[in-house]
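Input: a single structure, listed below in structure tokens.
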Amino acid sequence: MQTLTIIRPDDMHLHLRDGDALKAVAPYTARQMGRAVIMPNLKPPVVSVADALAYKARIMAALPEGSAFEPLMTLYLTDQATPELVREAKAAGIVAFKLYPAGATTNSDSGVTDLFKLIPVLEEMAKQGILFLVHGEVTDPEIDIFDREAAFIGRVMKPVLAQVPNLKVVFEHITTAEAARLVLEAGDNVAASVTPQHLLLNRNDLLVGGVRPHHFCLPVLKRETHRQALVAAVTGEKAHKFFLGTDSAPHAKSAKENACGCAGMFSAMTAIELYAEVFEKAGALDKLEAFASENGARFYGIPENADTITLVKQSQTVPASVPYGDGELVPMRAGGEIGWTVQY
């Protein structure tokens, strides 16, 4: 039987929620991943060092006994952010600030309205070596939802990189050929996280044969040509600039199967197996370890995990749903098969 042993991976983009939801989902990530970069878009958002440290304590309390999993904490960038906050964050071990353009995604109401007014804050991030994590979509209602990432590149990303050229930027959950091209052409201070859904699915999987709410995420799934461009990027000559970030974003089944369903796919349960499928299909299984376990750690300036995990070429059936507080949660590929299984 084919096996693949790799350095334990890290999830560089994860939503863990809070309260009972946190307790339900944290163990799935802790089983596979050594660390995860925790998104700060709670209600209310994680905007201060005190908020982040309190949230980290709640995450640690939700982990299974004996777990070595480490949450890497971030702050939610707001219009009120200051260079002093950046210095405080650095001193407290916060790894990054996250940009949510106001209204772009789940719990982004407190997001930034004009990033260019925060240039002194970004300059302090560059000085302190704190990363800038970007949800790269414009929110202009005149821009089609399928074009919002591409529009962001010209309107925001390129001008910011020109003004703060040494800022370390992660273009999060990229979905387009344009975003991949930007990262490939930019300096070594720019990298990207890529989700399993944007490597495996296209917008037909969302809309053909009926609306499939469990495939609805933001940024929304794109054309097949964009999916192919992402696979080419994560397996190509400059693959070191791309890394694993699931954007696993749990919402109760009732909130997804809804007249106004929530955006987000829950992939944490079988994340590394889904990525293994991507790399296997691309004939690049030998590049999975770098993508999952090395590139993100190197970009964040942290050592790789010291232990390993082993994947077995053995099919598994993903549960139709799992418990989630008082409700249930539908995982990515619910009821379907994945050709790989982690040996626990």
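The backbone N, Cα and C atoms fix where each Cβ goes, and this holds for glycine too.
Remember, predicted model here, so these are calculated numbers, not experimental data.
What Swiss-Prot annotates here:
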BINDING   His13, His15, Lys98, Asp247  Zn(2+) 1 binding site
BINDING   His15, Leu16, Arg17, Asn41, His135, Leu218, His251, Ala263  substrate binding site
MOD_RES   Lys98  N6-carboxylysine
BINDING   Lys98, His135, His173  Zn(2+) 2 binding site
ACT_SITE  Asp247  active site
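Features as recorded by Swiss-Prot, highlighted on the structure.
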{"residue": "His15", "record": "Zn(2+) 1 binding site", "Cβ within 10 Å": "24"}
{"residue": "Leu16", "record": "substrate binding site", "Cβ within 10 Å": "25"}
{"residue": "Arg17", "record": "substrate binding site", "Cβ within 10 Å": "21"}
{"residue": "Lys98", "record": "Zn(2+) 1 binding site", "Cβ within 10 Å": "25"}
{"residue": "His135", "record": "substrate binding site", "Cβ within 10 Å": "23"}
{"residue": "His173", "record": "Zn(2+) 2 binding site", "Cβ within 10 Å": "26"}
{"residue": "Leu218", "record": "substrate binding site", "Cβ within 10 Å": "20"}
{"residue": "Asp247", "record": "Zn(2+) 1 binding site", "Cβ within 10 Å": "26"}
{"residue": "His251", "record": "substrate binding site", "Cβ within 10 Å": "26"}
{"residue": "Ala263", "record": "substrate binding site", "Cβ within 10 Å": "15"}
Those binding-site residues from Arg17, Asn41, His135, His173 that fall inside 10 A of Asp247 (Zn(2+) 1 binding site) by CA distance are His173
Around the Cβ of Asn41 (substrate binding site), the count of other Cβ atoms that are within 10 Å: 22
What does DSSP assign His13 (Zn(2+) 1 binding site), in three states? strand
Note down the number of other Cβ atoms within 10 Å of the Cβ of His13 (Zn(2+) 1 binding site), including every protein chain shown. 26
Do me a favour and check the Cα-Cα span between Ala263 (substrate binding site) and His13 (Zn(2+) 1 binding site); whole Å is fine. 15
May I ask which of the binding-site residues His13, His15, Lys98, His173 is closest to His251 (substrate binding site) if we compare their C-alpha atoms? His15
Neighbours of Lys98, His135, His173 excl. site residues, C-beta within 8 Å of centre, Zn(2+) 2: His13, Met39, Leu99, Tyr100, Thr105, Leu133, Val134, Gly136, Glu172, Asp247
Measuring CA to CA, name the entry from the binding-site residues Asn41, His135, His173, Leu218 that ends up nearest His13 (Zn(2+) 1 binding site). His173
